[in-house]
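Asker: Before I ask anything, let me first share the structure, which is written out below as structure tokens.
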Amino acid sequence: MAKNLMLWLVIAVVLMSIFQNFSANNINNRKIDYSTFLSDVNQDQVREVHISGREMNIIRKDNGRYITYIPISDPKLLDNLLVKNVKIIGAAPEEQSFFTAIFISWFPMLLLIGVWVFFMRQMQVGGGKGAMSFGKSKARMLPEDQVKITFSDVAGCDEAKEEVQELVEYLKEPSRFQKLGGKIPKGILMVGPPGTGKTLLAKAIAGEAKVPFFTISGSDFVEMFVGVGASRVRDMFEHSRKVAPCIIFIDEIDAVGRQRGAGLGGGHDEREQTLNQMLVEMDGFDGNEGIILIAATNRPDVLDPALLRPGRFDRQIFVALPDIRGREKIIQVHMKKVPLGNNVDPMIIARGTPGFSGADLANLVNEAALFAARNNRDVVMMSDFESAKDKITMGSERRSMVMTEKQKESTAYHEAGHVIVGRLVPEHDPAHKVTIIPRGRALGVTFFLPKDDVLSINKNKLESQISTLYGGRLAEEIIYGVNNVSTGAHNDIKVATNLARNMVTQWGFSKKLGPLLYSEEEGEIFLGRTVTKSKHMSDETARIIDEEVKLLVEKNYNRAKKILEENLDILHAMKDALIKYETINSRQIDDLMKRKSIQSSNICTDDDNN
């Protein structure tokens, strides 16, 4: 289409240039009246005259040129010119041919008609490839041999994989289900945090199903033209009916499926009209037998309730973050293309990466391979995975950043305060590593690693986290005094305050207020939430909440302070170790907490991960 349009533009430019040339022969000659010409002749200013019919091209003695026309027959003109010794040159008048005259007269109209016919033909071109095909669906149909991903490439989400495997089996062998009265699900909504493998599952379905597979993003429906979204939905389902049974996959459906009548735009914006059309196509008067709609989102809370009901999305599959066994399987899948050293153990890596999604683990393996290549190794060692994990969890090292000895000492005391309080309060995650090498925005980082996957947190553990967060600030206060505390604890204070407020207002950990919900998470109006907010508490209750939050923070603040004051010798020893080695691991932290000296700066051993 682009080539055809360019060809038409070139033809139009050429024809217009030809048209301009017909009338541009004498564009440099100005026209004057006949009386001025006679005056120039009488004043002996004319040197040469070219006569062609009634048109005369005059050349003055000063080389000036102009054109004039003889209004009537002037029998004395030639005599006057001869008297003034003007050179007279005669020429036959130029006459346009009949075809040239017709062309010049009709060319503009023919050009307009040609442009109109061109666009009308393009509007009739199917497949969404025409110049005016704004309403054509952008869904791409993937050939069976194009998608190479299968269920063997998907790991860490066994329950979700079983659900979609049943769907593929139905498409391959529908009679086995139909003889028992079972019907194929019309829609499946895959829900889960980012990076857990929702889109990968859809690709695996495409690789296993052996049926036409259409894929489109939720943002591809709505554009700047009114009515385009609804038209694209109709066109997509129309194409799907022709090749049923088939699968339609809509990625990030929250872009078009947000709740109607909420947020900005009221009930008449283009997105809502697109959603209305999708609701009708999914379960309206027109049957869609054999069309299975699969959608993925990480924001199910903003979707319209009508979109989620049975008959449209019959199933909701939650794709959760992988547990330790799932992480091990995911790591093994990504390690297939990486040459590994003998000391690499996927289970140890999985144990040290709680909370990592499938995408995070893929990035971890890739970063480890890059570290090995950077160090000119032929295989990827366990130390490369450790360095990659540190980079992902704590940020990249900024060794080029210049820190004074005073800043290093202050940072070392700050991080040591976190570690000591974290090791001595109950039920806190063990400290895995601490460093005073600047990473990301932080001057130092303390990394706590849970022993097991965290499914829920009790009150004691939450209070221990608050105490540990204030450990860094308190270490500075004890060593340097209240007036010399730095701003390094800004984020620690923010996190601790939010934890304490949530404990009081959302999790029911306040005896005075009881197990009641006093605040809800605020939703963004652009994500389907209302603009207005209602207040669920009185001013007196708000005052009590502030008091309870303050009491909770002060309680754990004082506990952390007492712990550090009782272990000042460990605080000084850990500061010295951090300044000497810059980074210490969990085994070295154990030695320091037992008041033992440490000799080695080795921070990447297999024993640490165990």
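Going from the start of the chain as shown, residues are counted 1 onward.
Just so it is clear, glycine is given a Cβ too, placed from its N, Cα and C backbone atoms.
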Asker: Looking at the Zn(2+) binding annotation from Swiss-Prot, with His414, His418 already listed, which candidate in Asp314, Asp323, Asp492 is the matching residue?
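Answerer: It is Asp492, as the record lists it for that site.
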Asker: What's the most sparsely packed of the binding-site residues Gly192, Pro193, Pro194, Gly195, Gly197, counting other C-beta atoms within 10 A?
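Answerer: Looking at the binding-site residues Gly192, Pro193, Pro194, Gly195, Gly197, the Cβ with the fewest others within 10 Å is that of Pro194.
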Asker: Given the recorded positions His414, Glu415, His418, Asp492, find the one whose Cα is closest in space to the Cα of Pro193 (ATP binding site).
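Answerer: Result for Pro193 (ATP binding site): the nearest of the recorded positions is Asp492.
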Asker: For a three-state summary based on DSSP, what are the helix, strand and coil counts in the topological domain 'Extracellular' (25-97)?
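Answerer: Across the topological domain 'Extracellular' (25-97), the residues distribute as 16 helix, 25 strand, 32 coil.
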Asker: Name the one residue among His414, Glu415, His418, Asp492 whose Cα is closest in three-dimensional space to that of Thr199 (ATP binding site); these are the recorded positions.
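Answerer: The answer is Asp492.
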Asker: Using Lys198 (ATP binding site) as the reference point, find which of the recorded positions His414, Glu415, Asp492 has the shortest Cα-to-Cα distance to it.
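Answerer: For Lys198 (ATP binding site), the closest Cα among His414, Glu415, Asp492 is found at Asp492.
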Asker: At a 10 Å cut-off from the C-beta of Thr199 (ATP binding site), count the other C-beta atoms across all protein chains.
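Answerer: Total other Cβ atoms inside 10 Å, all chains included: 17.
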Asker: Within a 10 Å radius of its Cβ, which of these recorded positions (Glu415, Asp492) has the fewest neighbouring Cβ atoms?
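Answerer: Ranked by other Cβ atoms within 10 Å, the recorded positions Glu415, Asp492 bottom out at Asp492.
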